[in-house]
């Protein structure tokens, strides 16, 4: 416990001249002065500054603006652009080649019947190109449904009937375009490219928003350009007036334009009014903004699959007479003739779509999404004319006369006109669409799926547009957009809503950036060192002087300035009216770091004293230090957290909502962070329009030096970049560390009563006091809230550098982690019922992690036993006995003796097991060497064979006693067997896995001798 200093809290300043910085866990001392007493006179106001300044704050661990990072981003953007362009191009070319072969395929006569095996395969291959995207979309929607609960159904009957109608129109349009338009003799590659872009006129069919009206000029330019291009191409092709192409082409394109229009897709996602979420959502903010995109996608793809299966067997014999003689069953049996082309077309479309999604989520949609989709028509024509696929595939589809397109120069004119029209629509897409960094796919596309034909055009139309809300929910909800999990947004990367972008443009975008209340930056301190306190105060100073309004892009009515306040809750900060050494050190640092701040007169409180400084800077940030007297209030971190959480909850009684505390940013006393990370987490919190996100945690980097820090860097990387990301995607993060996490006060209010409960059982101590951060996260998850992970928010914290500190930390973390996992799985029914984000597969995943954690010590023991056996010949049972004895001895020491004795024994055991593991590694390597040179052909199977080592006569006598006995020659030419230097008549018994009765060549014996010598020397070294 820290002793009181001679610094009186009643004075307006503290004498910092004699304060010496602390290192490690040492206590601050004064230089050349006797120990402080309670009756020491108070210091004067004009005390000299500290004799030692703290080192500068560490820089952000990741500098995203460095030249290598920028270069890699450009390389990645270019690679994705080429991949998307290639996917769109190859999908079109291979689909077109199969369609042409379907019409012009050869027919042979066999037994008086027409036989067209390759045409049959063409028919089924084209059908699979249309069918498989619906299968992919259906499976992905089902997986999404499995890993989430409470997804709403589409509105009945309006949306469901519309989905059925749209599905029929889409299937009919795709079928007509594939089997009637592409197969027509008057349709060549330029004509296909021109006709495909006609569906882009569907942009007209959408809500008349302000942004739509402003961009109406782009619509007319695109329409005129595409219309002129289509007219010129039809004229150049000289299509007869009685051709069915003049009917099927506009019919198919009109059907597809209707099915893929943004407004029609938006209306399909209206959720059923009775599809409210489970009862726990009644306590949340409005949940009406959620759309039925998951189940709407399932229903739509199910309709598509059923209709495509029906037309597969019905159309050829009854409707489409140019498909006479084609049978679906025959097509499947001969599909191997066209499986390569079908696979390339399907995978190209699917890969291009996925990479397009990645490009939009990375905020590079201009370079890697819109540009490749715009260039795809030109690239398709170019490759069709100049690319020879015959050497690649070598089949009749590409190695025949007329396989390569012949295009007149005049045909390039309509292609360029159509591309110009697509450019206008791409500009419109760029203006009316926006994504946050790491944006989810349902937020970027109306239906998270692709199509087999006209893939690029469907992606442009399927891209979500900023539109007016379907219901009144956007006006009643918070209206917050989906944030970037990274640095502040650029013009291209604006945020959107968490479930679907159903907000108006500028006004909702500004509402989305309105905090709607105050933000408390709360920190707990106890015995932090000088450097650790300096790091925290430097971070607060950077935040106070930063222009958050400029970073976020808010307007004056939504300013973030003046809405932040910093609080430090100092455990054992004073004794009576005297500051302790550590709290006096903090006060000195505040006065040193903020010389321009305005100090407010200290106030006595029920828990101790409260000191406040109004910091200079654009944020108008006040810093308040709450000095706790442990004689008046409970100590430890959890009770400090309860204090500031109660303060935030009590602020909800204020009538004016802008003055209420809405979010709490919890930090530790040694954390280094910046304003950009705070903005990233708050924007992600604001994006939750339904109020279902209870907390957002950041990515933490450990800082320090030494082997323990190296290990923890790897451990933190696994915990943050792997486990937290997996939990964030599959369900919810289960541990929001208190070192740097944003909490929603509304969520805190629901679990605070349980969080402040006392320890009543031994298990409560593990969950409540040893791992308070994880337990609080568990309470939020049980209450129905989701915990998010924001990879773009970065902070750094000091980690243990010495064994003792590291051991104490892990002794707290590991039991609390296991206890909270067991608590979560124990209440799995309530968690699954109350929290729509926690599904049964996610709980099974957590049970698997718990099982792997429990069995990991036994796995290490098995590895150690095997290595010791191969390394120095210690039997596995003996190493197992020693492991159990060590464990029992350490358990008794932990129960009976002091913590200092426990740490000493822990060090000794760690060194013992470290040496044992080194021996195990050497033994494992030696066994690998032996196995490389051991005989490859074993005799028989089953348990290890018993071998006698001795002379040939001994072996012969031994083998007569048991049939499965075997032996092999020793290395060298000694004539003995089984590694024997044994003399005749002396028999030893060994267990081996493989052996042979045949004598081996001299070369094999030399290799065995070398391996034997290596192993012998290694054993000699270690023993």
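The backbone N, Cα and C atoms fix where each Cβ goes, glycine too.
Bear in mind that TrEMBL entries carry predicted annotations, made automatically and left uncurated.
Annotated in TrEMBL:
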REGION    1-62  region 'Disordered'
COMPBIAS  1-24  compositional bias 'Polar residues'
COMPBIAS  33-53  compositional bias 'Pro residues'
TRANSMEM  74-99  transmembrane segment
TRANSMEM  119-139  transmembrane segment
TRANSMEM  189-205  transmembrane segment
TRANSMEM  217-237  transmembrane segment
TRANSMEM  243-264  transmembrane segment
TRANSMEM  302-319  transmembrane segment
TRANSMEM  342-360  transmembrane segment
TRANSMEM  367-387  transmembrane segment
TRANSMEM  412-431  transmembrane segment
REGION    470-504  region 'Disordered'
COMPBIAS  476-497  compositional bias 'Polar residues'
TRANSMEM  842-871  transmembrane segment
TRANSMEM  877-897  transmembrane segment
TRANSMEM  909-930  transmembrane segment
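Pairs of Cβ atoms less than 8 Å apart link the transmembrane segment (909-930) most often to 877-897, out of 119-139, 243-264, 877-897. Using the rule of three or more Cβ pairs under 8 Å, pairs at least 6 apart in sequence, the transmembrane segment (217-237) is in contact with the transmembrane segment (189-205).
If one looks beyond the transmembrane segment (243-264) by at least 6 residues along the same chain, the residues whose Cβ comes under 8 Å of a Cβ in the stretch are 162, 166-167, 169-170, 172-177, 180-181, 184, 186-187, 195, 198-199, 201-207, 446, 454, 457-458, 461-462, 464-465, 467. Residues of the same chain lying 6 or more positions beyond the ends of the transmembrane segment (412-431) and with a Cβ under 8 Å from any Cβ of it are 190, 193-194, 197, 200, 203, 211, 215, 218-219, 221-226, 228-230, 232-233, 236, 365-366, 370-371, 373-374, 377-378, 381, 460, 463, 465, 492. Between the transmembrane segment (189-205) and the transmembrane segment (74-99), the number of CB pairs under 8 angstroms, six or more residues apart, is three or more, so the stretches are in contact.
Residues of the same chain lying 6 or more positions beyond the ends of the transmembrane segment (342-360) and with a Cβ under 8 Å from any Cβ of it are 77, 80-81, 83-84, 86-91, 94-95, 98, 125-126, 128-129, 132-133, 136, 335, 367-369, 373, 433, 435, 439, 441, 444-445, 448-452, 455-456, 459, 463.
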